[in-house]
Each structure stands twice: as C-alpha cells, then as structure tokens.
Amino acid sequence: MAPPKTYSSISAFHSKLLGAKRILAVCGAGLSASSGLPTFRGKGGMWRNHEAMSLATLDAFERDPGLVWMFYGYRRHMALTVKPNAAHYALAELARKVPGFMCLTQNVDNLHIRASHPPSQLKLLHGSLFSIKCTRCSFLQPSNADDPFCPALAPASLPPPPNQPHPILDPNTPLPSVPAQDLPHCPKCQIGLQRPGVVWFGEQLDHQMLEDIDKWIEAEKVDLVLVIGTSGVVWPAAGFSEQARTKGETSVVVVNMELEEGGRNNRPEKEDFGFEGDAAVLLPRLLEPIIGRMVVEEEGEVRWVGGRS
Ligand code: APR
C-alpha cells in the first residue's frame, strides 16, 4: 500500500501532541469508512434510488415510516456486521491515556462504543442507530441491537450473496412496502410508533449534551482539535474547532481522505496541520507517541504496547 500523503510534518505534530493537556476530536463518517460503512456525501450517498439524506427527516418518516425504517434497518444491520477499525481503537486508547480528551462524533454506528471508548469521554452528537425513541411520548430505549429490528424489516437484514452487494441496494429489486401497523410501537405509551434514536435533518441535538460540550470547551484552553473524516458542513459539529480556538492558542489538525475540496473543516490552508489519507492508517501513527502501537491478539482482542505510562 502506498504511504499516506501528508502535507504536514508528523514530527512537528508529535511535538504539539506531547505538550497537549486538553484535546478535542470531532469525527465524521470517514472514520468508519475503512470499516466498510459508506459516507454520506460522495458515492455512498445514495440508498436504492433515494438520496440517503432525504430519508433522514421526520417528513420522510411521516410520509412512509416503512421505507425509512427499512433504510435504518439496513444501516443497523451493516453497522452490526462490520468491526471498529484501528482509528476507533486509537481514539479509545487516547481517551484512557489523556483524561483531558473529549471525543465528539457525528457517527451513529456505535463503533466507538464497540472499541471500548470510555463513555464519559464520548458524545454521540447525532444519537445512535441502536437507541429507539417513541414518536409520541419520546420514551427512549437506550440500547436495542435486534437484527432485524422487527419481522417486517427482515429483508434489510438478509446476508448478501457472496461477493455481491446487498439485494436491497438494487432499485430494480422490489422492496416490500411495510405498513405502520407492522412496525414496533412504544412499550410505554403503547400508542406511538417507534423510530430510530438519531437526530434527523431539521431536528435539535440533545440540549443537555450541547450544554455539556459548551462547558467542556469553555472550561479551559483546548490545546489541540482533531477533525477526523468529516466534510465539516453539518452544524453544530462544523463549528466546534472554531469555538475551541476562541479560548486561546489551539492547533487544529485535519485528517481526511481528501484535504483540498469540501467544507470548512477539510481545507488545509485554514488549519495548522493536515494529513491526507485513511484515518484508520493515519490516526494510530499520529497518536503513537501517547498510545503506543496496537497489537491484535488471535481472538481479536486489542492491546497497546510502548505508549506513554
Ligand atoms: N479516512 C478519512 N476520511 C475519509 C475516509 C477515510 N477512510 N473516507 C472518506 N473520508 C472523508 C471524506 O473525504 C469526507 O470529507 O470523510 C468525509 C465524510 O463526509 P460526509 O459523508 O459528509 O460525512 P459527515 O461529515 O460525517 O456528515 C455529517 O451529515 O448526513 C449527515 O447526519 C449525517 O452525521 C452525518 C452528517
């Protein structure tokens, strides 16, 4: 494999990293790309013949909850099928080594959690595919990994034929229409339809979580912000690095497959360090002076050697 392209010096970044007490990460879909999950903008942005983002709205759910649930049933299934990659593990280890590290993620795939990221140092900005919310009384089931989520969504959870894409992705394969009465209803109020516990376009992020993030950023100078695998066009995530900079001298490092195009967070000329390539390759290397090197045991267990004690 060709070495990752970078435009900054890794050793200069390492000096910054070693002096950093408070570190913030803002992560996006590119972090999970090498696990096998598609990103939103770019070629992974279609689901069948629908723009993936057009299905992530309350309007779409109200119009056709069966279709939207099928989309989310498929995303749940895929997220359960893939594994966290070295970048998720590297961030989890950074959290254990640096108490002043906070990771904000836009990803709803639960891969940070499956990589054992300490929960107190992780904020799920856009919720989780595996939490379930009532559309009527907002009762929240924090963790549900049933696959399929209910019998009517079974087509989304079928294993694809070997070496072929999942049949549900082919717009020419008919999709059974799922009426609302075949979808799960709230176990508490018994009336409301359940929906994925993710934040859809046009919805507010959890108020308390945003307040906690503001408090964390405002508490003291943030030495380093890592902006990883995000196009940086969705707010409020896109604004956290600039917010951190207002507290004093903050270095911002962007890790992205494509540095030159896109939104504000992946334009290297606005940042202090930019590293172009796969986050799963780059992050373990960038964080190595603190986390050491990752060793994967035969049973798939991950351990770290040679990190900062
Ligand atoms: N390593 C690093 N970066 C990568 C990789 C990779 N292997 N693969 C892709 N990228 C980069 C792309 O260049 C792009 O800049 O990841 C970014 C992914 O951008 P988006 O698809 O826009 O994802 P994200 O920024 O997370 O989107 C934000 O938008 O649709 C909503 O709610 C959804 O949380 C999502 C939000």
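Each Cβ is built from the backbone N, Cα and C atoms, and glycine gets one as well.
Going by TrEMBL, these are the annotated features:
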type: DOMAIN; residues: 3-302; note: domain 'Deacetylase sirtuin-type'
type: ACT_SITE; residues: H126; note: active site, proton acceptor
type: BINDING; residues: C134, C137, C186, C189; note: Zn(2+) binding site
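Everything TrEMBL records as a feature, shown here on the structure.
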residue	record	DSSP class
H126	active site, proton acceptor	coil
C134	Zn(2+) binding site	strand
C186	Zn(2+) binding site	coil
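Other than C134, C137, C186, C189, the residues of this chain whose Cβ falls within 8 Å of the Cβ centroid of the Zn(2+) site are, in sequence order, T135, R136, S138, F139, H185, P187, K188, Q190, I191, G192, Q194. For C134 (Zn(2+) binding site), applying a Cβ distance below 8 Å and a minimum sequence separation of six or more within one chain yields L140, C186, K188, C189, G192, L193, Q194, R195. Proximity of the recorded positions H126, C134, C189 to ligand 1, judged by a Cβ distance under 6 angstroms to any of its atoms, singles out H126 in sequence order.
Annotated pair C137 (Zn(2+) binding site) and H126 (active site, proton acceptor), C-alpha to C-alpha distance, rounded: 20 Å. The binding-site residues C137, C186, C189 differ in how many other CB atoms lie within 10 Å of their CB, and the one with the most is C186.
Note on the residue listed as 'active site, proton acceptor': other Cβ atoms within 10 Å of its Cβ, all shown chains, come to 20. If you average pLDDT over the domain 'Deacetylase sirtuin-type' (3-302) in this model, you get 91.
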